[in-house]
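Annotation source TrEMBL lists signal peptide at 1-33. Taken from TrEMBL, the feature disulfide bond applies to Cys119-Cys151. Taken from TrEMBL, the feature alpha-D-glucoside binding site applies to Tyr123, Lys125, Tyr142, Asp149, Asp331. Residues or ranges marked as region 'Disordered' in TrEMBL: 225-250, 358-387, 399-420. The annotation compositional bias 'Basic and acidic residues' is assigned in TrEMBL to 225-248, 365-387, 401-420.
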Amino acid sequence: AAAGPRGRGGRAPAVVALRLALLLATALGSARAAVYFQEQFLDGANWQKRWINSEYKTDFGKFKLAAGKFYGDPVRDKGLQTSENSKFYAISSRFKPFSNKGKTLVIQYTVKHEQKIDCGGGYVKIFPSNLDQKNLSGDSHYYIMFGPDICGSETKKVHVILDYKNKPHPVKKPIRCKVDGYTHLYTLIIRPDQTYEVKIDNEMVVSGNLEDDLDFLPPRKINDPTVRKPTDWDDRIQIDDPNDIKPEDWDEPEYIVDTSAEKPGAWDDAAHGEWRYPMVKNPLYRGEWKPRQIDNPNYRGVWPHPQIDNPNYSPDFSIYSYENISVIGLDIWQVRAGTIFDNFLITDDEVYAEDFGDETWGETKGPEKEMNIKQTEEEQERERLTEEKYFEQRFKKKLERKKDSGKDGAARNTMEKEEL
């Protein structure tokens, strides 16, 4: 078909060839990619065989499979949804252990805070193979914690916390998460060259070097302890103005006696002691006097402390790698439930992850937003009709009361005009 001329319902040879090339490239890319874990919840209740609820606490919140109130596809958008308010949640799924040594590690999933969460986690944790899934808790040792966390107006961030020598190290760069109630795609990439990248909705939001952006290792350079700042080095930006003199009338007491007050008639000196005039705030009090500040003419700037190599620093080119990666879990707290987690992926291929994001979140994000807008408009219309009906009923009741009271027709007409 590609070799022949373009006919009815056919395609130009160049277009067909291009599509075949793209399909071949995608197939080859998928074949090269190592997919360690992938979960889309497309087989109904069977997800419960793959995901284990923690029994560490008896009152953990329950997950259910749902697409939410609005979605792009009723089946493809189903994921794990938190269902109970003010609860801790702990659930995990196991896969074949692997090491990312010498390989790129990509962790990706979608989060939908359709309840427009006010306080709660939306992050995942990656665990080693020795995790006891039925005892998963906040104290369980993890390798990686990644994803959004929201609490109030101040905390709206994306966590990137990596374990190094059994200690968690958070990234020092601030990363803001999405808070609009729609589904969003979160991706963490850790590379063998010890660089990392965070993407939201397949767009890079932050990147850097692990050693620079997380406090894994001591600093490469330190201040030379044998060198001291010269005694004549003036690093004061501003100083007191020597020509500024305190006014003679400045010193006024903070409180003065209120001589206008009168002794209460019922005051009993024997019971309450001798009556005295009360103290009140002095309106002339001006506080402690301080001379005005001027630019320091002798300012020499911040003294540059000489640096030397840190004797305690030792490079480590394996801080990016982990052995026996084997479990992904949700260990979170939520005040208001309703968050949906879906489209989990752990792979070694950045391109495959990007394509997977486009084929899942990318294809349903538009219809999801359209459905939400339509529902909002319908709800607003219902509220308008309800309000209209309410006022109409009030108007009718007032008319009936006016008629029953025997008012004349002119009064009723006036009332109707005013009500309208």
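From the backbone N, Cα and C atoms, a Cβ is placed for every residue, glycine too.
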Give residue numbers and ranges for long-range contacts of the compositional bias 'Basic and acidic residues' (365-387): same chain, 6 or more residues beyond its ends, CB-CB under 8 A. 69-73, 77, 181-183, 201
Using Cα-Cα distances with a 10 Å cut-off, which of the binding-site residues Lys125, Tyr142, Asp149, Asp331 are near Cys119 (disulfide bond)? Asp149
Recorded alpha-D-glucoside site residues Tyr123, Lys125, Tyr142, Asp149, Asp331, farthest C-alpha pair in Å: 17
Note the Cβ centroid of Tyr123, Lys125, Tyr142, Asp149, Asp331, the recorded alpha-D-glucoside site, then list each other residue of that chain whose Cβ lies within 8 Å of it, in sequence. Gly121, Val124, Met145, Phe146, Gly147, His159, Ile161, Gly329, Leu330, Ile332
Out of Asp149, Asp331, which of these binding-site residues shows the lowest number of other CB atoms within 10 Å of its CB? Asp149
Alpha-carbon distance [Cys151 (disulfide bond); Lys125 (alpha-D-glucoside binding site)] in Å: 19
Which chain-mates of Cys151 (disulfide bond) that are at least 6 residues away have a CB under 8 A from its CB, listed by sequence? Asp118, Cys119, Gly120
Cβ atoms near Lys125 (alpha-D-glucoside binding site) (within 10 Å, other residues, all chains): 26
Around the Cβ of Tyr142 (alpha-D-glucoside binding site), how many other Cβ atoms lie within 10 Å? Please give the count over every shown protein chain. 21
Output the one of Cys119, Tyr123 that, of all these recorded positions, has the highest number of other Cβ atoms within 10 Å of its Cβ. Tyr123
